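Engineer: Here it is: the structure, laid out below.
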Amino acid sequence: MFRIAATVTTMLGLNYWFRAAKKPKLFSVKCEDNQYIIQNIDQLNKKYYPTPWMYNTHLQLIALGLTKKFAPALRYDKVETLNMADGGHTALAWLGYDRAPTTPTIVVLHTITGSPQSMRGFMKDLAQMTGWRVVMCVRRGHADLKLEVPKINTMGSTDDLREQLNLIQQRFPQSPLYGVGISAGSGLLVRYLGEEAEKSVFRAGFAYCPGYNMDEAFQYTQPFYSRLMTKKLIKQFITPNRHQFKHLNTLNQLEQSRNLDDFHKHIYEVSGHGSRQEYFSLSNPFHVFSQVKTPLMILNAEDDPICKKENVDAYIRSNNLIPSSILVTTERGSHCAYYEGWQAKSWANRLIANYFLTIDSKK
């Protein structure tokens, strides 16, 4: 029995060492700025060691879900509701609000159903790892925000984001801004960076587990997760606000959606657009990718069941890498989980903090 146990343990250890613990793959245009970043961030040049007892794709996601559900609530320094130009409501959730006026500020664009509490681990990590001010731009209909105007976009609105950024800059005009988008939030970040080009207010951005081309991305999502997330989107955004959308021709089709691809093909009226083509044209970050001028790091896991490897591969094959960007891919990490070591800390959160600190040290 001992020999069998020893053999199994050895085989598992070898499998982990050779198949799970690997160095990240890097894709970038060779230039002085990119080389400086790669050379000065140790993580990019060493193996990523996923937590040994949950390096499986699904175990990492389960652990992430349990952490979000059961971790202690985070008390923010300040949470304020903002009135948008059309009467809709968004919010800002702050950590480190009272730090020195010149302290850099990290602007966080949350996940597809995110809220200040669901993102509390991420927010707390960035605040502690950098010592900076961190603020989340909460989108319409998220957290406890009432939908005052019958309009919601799961990918967010760059118009709303601009209003939020204007207020952040008014509060802290001496603070350099850095932006990070997580999953759906990465689409909003890149869409903003592309639309603004040289006028972007961010010194650097980080796209964490993006889906790239919205026109195709949702088709690749693993069916189980696609169904699960679609049910959650309908429950969180559509059902509670049905009375505001009942006049829309696409409402029934939206409510009957069984996967993310169908849902986003029928959300265009709810998001305030006249057609599906208009919605994708004005929301898809891929259409403005080539216009991004801000330094950008992109992180994807090859075992991500939601923003799949096929999306990343299509971007790499396009030979259209943003000159100021570095794409980092890892074999493991799942979707926005990236647990590492025996204590199951976030490798990705550490990379995001190190990237911003490295950029800031070069100014």
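Cβ atoms here come from the backbone N, Cα and C positions, even for glycine.
Because the structure is a prediction, the values reported are computed rather than measured.
Straight from TrEMBL, here's the annotation block:
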{"type": "ACT_SITE", "residues": "Ser183", "note": "active site, charge relay system"}
{"type": "ACT_SITE", "residues": "Asp304", "note": "active site, charge relay system"}
{"type": "ACT_SITE", "residues": "His335", "note": "active site, charge relay system"}
{"type": "DOMAIN", "residues": "104-341", "note": "domain 'AB hydrolase-1'"}
Engineer: How many whole Å apart are the CA atoms of His335 (active site, charge relay system) and Asp304 (active site, charge relay system)?
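Structural biologist: Roughly 5 Å, rounded to the nearest whole number.
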Engineer: In sequence order, what residues of the same chain, 6+ apart, have a Cβ less than 8 Å from the Cβ of Asp304 (active site, charge relay system)?
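Structural biologist: Expected: Thr57, Cys209, Gly333, Ser334, His335.
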Engineer: Long-range neighbours only, meaning 6 or more apart in sequence with Cβ under 8 Å: which ones does Ser183 (active site, charge relay system) have?
Structural biologist: Thr111, Ile112, Tyr208, Cys209, Pro210, Gly211, Ile306, Cys307, His335, Cys336
Engineer: What is the Cβ neighbour count of His335 (active site, charge relay system) at a 10 Å cut-off, with all protein chains included?
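Structural biologist: Excluding its own Cβ, His335 (active site, charge relay system) sees 25 Cβ atoms within 10 Å.
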Engineer: Roughly where does the domain 'AB hydrolase-1' (104-341) sit in mean pLDDT, to the nearest integer?
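Structural biologist: Averaged over the domain 'AB hydrolase-1' (104-341), per-residue pLDDT gives 95.
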